[in-house]
Amino acid sequence: MDFLVLFLFYLALVLIGGVVICICSKTHRLKGLVRRGAQIFSYIIPECLQRAMRRLLHYFFHSRNHTFIILHLVLQGMVYGEYTWEIFGYCQELEFSLYYLLLPYLLLIVNLFFFTLTCITNPAIITKANELLFLQVYEFDEVMFPKNMKCSTCDLRKPARSKHCSVCNRCVHRFDHHCVWVNNCIGAWNIRYFLIYLLTLTASAVTLAIVCIAFLVHLVVVSDLYEEAYIDDLGHFQVMDTVFLVQYLFLSFPRIVFMLGFVVVLSFLLCGYLCFALYLAATNQTTNEWYRGNWTRCQHCPLVARVPSATPQAYQNIHSHGLWNNLREIFLPAFLHYERKKKEW
């Protein structure tokens with residue numbers, strides 16, 4: 001059982017690391033590093049294996065499938081299963097507050113609710129029926145979103161802040177990104193659910209990490225382990241130090257220590273991404289706009305090589321109207337806001 005937990009723990013870390021690398025590879029500098037790394041591996045890995053890996057990666061990251069939804073639920077089930085099976089019982093014996101121990105379950109329920117909403121909610125797909133209405137929601141900046149542009153795939157006029165998703169094969173209004181973990185695009189109509197889902201997922205990971213650490217620390221204090229001594233390899237008595245204490249806890253509670261390591265790493269990753277998502281929400285930007293805006297700013301850098309005749313225009317965020325208005329637009333989508341205005345007219 002412990003070997004299975006260890007294997008799944010490292011598998012989860014590899015998958016998380018892979019997703020982080022995929023996100024980081026969208027930046028200009030890291031994309032070049034990833035490309036050079038791929039060139040190096042192309043000389044080592046056989047061609048047939050490379051083709052199989054490309055097909056597999058294309059299936060996972062460039063086509064709609066439920067693989068990451070299943071993985072998400074399995075990992076969440078394993079973490080909460082271990083929490084319920086061992087940590088909850090031990091903490092009750094140590095007389096932890098019941099409200100404190102039930103908080104992760106409350107966060108889990110809220111998280112699964114908004115996870116489901118993010119998965120099933122229409123992200124604001126542009127169709128012939130709503131094309132004209134979406135065209136009037138946002139102003140065209142003539143830099144990132146010029147007027148009278150058509151999507152060559154959907155054969156629709158492109159509203160400002162929209163983008164065609166190659167994974168879903170549809171145009172999405174206020175397109176943020178395609179999230180493999182929910183198997184759906186994040187757009188104007190489900191970004192609010194996605195932010196709450198991300199917030200509760202981060203809170204769940206942090207809460208579980210805190211409970212695990214509190215349990216282990218409380219156990220050490222109650223049992224006076226830090227005052228104990230041990231005999232080293234040379235037969236000498238040694239005062240209990242931190243390294244030996246961690247080893248002792250690892251051997252005594254391997255699954256709990258594995259889970260703690262997983263949720264701590266996950267907490268750092270999620271906190272970083274949550275801060276980035278909240279920054280975008282506060283400044284009324286999407287991930288797509290932030291990435292493309294950074295690219296246009298790079299074009300003005302004298303160190304970036306470009307075609308001499310090119311005269312790149314400076315991109316400015318014209319959609320930010322203050323913190324509260326930006327957040328209100330997230331939680332009251334512009335399409336609904338526009339329809340209310342239309343009724344008032």
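Yeah, the Cβs are placed from backbone N, Cα and C, and that goes for glycine too.
Values in this document were obtained by computation on a predicted structure and should not be read as measured data.
Quick look at what TrEMBL annotates:
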| type | residues | note |
| --- | --- | --- |
| TRANSMEM | 6-25 | transmembrane segment |
| TRANSMEM | 59-79 | transmembrane segment |
| TRANSMEM | 99-120 | transmembrane segment |
| DOMAIN | 148-292 | domain 'Palmitoyltransferase DHHC' |
| TRANSMEM | 194-221 | transmembrane segment |
| TRANSMEM | 256-282 | transmembrane segment |
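Nonlocal intrachain contacts for the transmembrane segment (99-120), taken as residues 6+ away from its ends with a CB within less than 8 angstroms of a stretch CB, comprise 69, 72, 76, 80, 83, 88, 91-92, 179, 182-184, 186, 190, 193-194, 196-197, 200-201, 203-204, 207-208, 211. Taken through DSSP, the domain 'Palmitoyltransferase DHHC' (148-292) splits into 82 helix, 20 strand, 43 coil.
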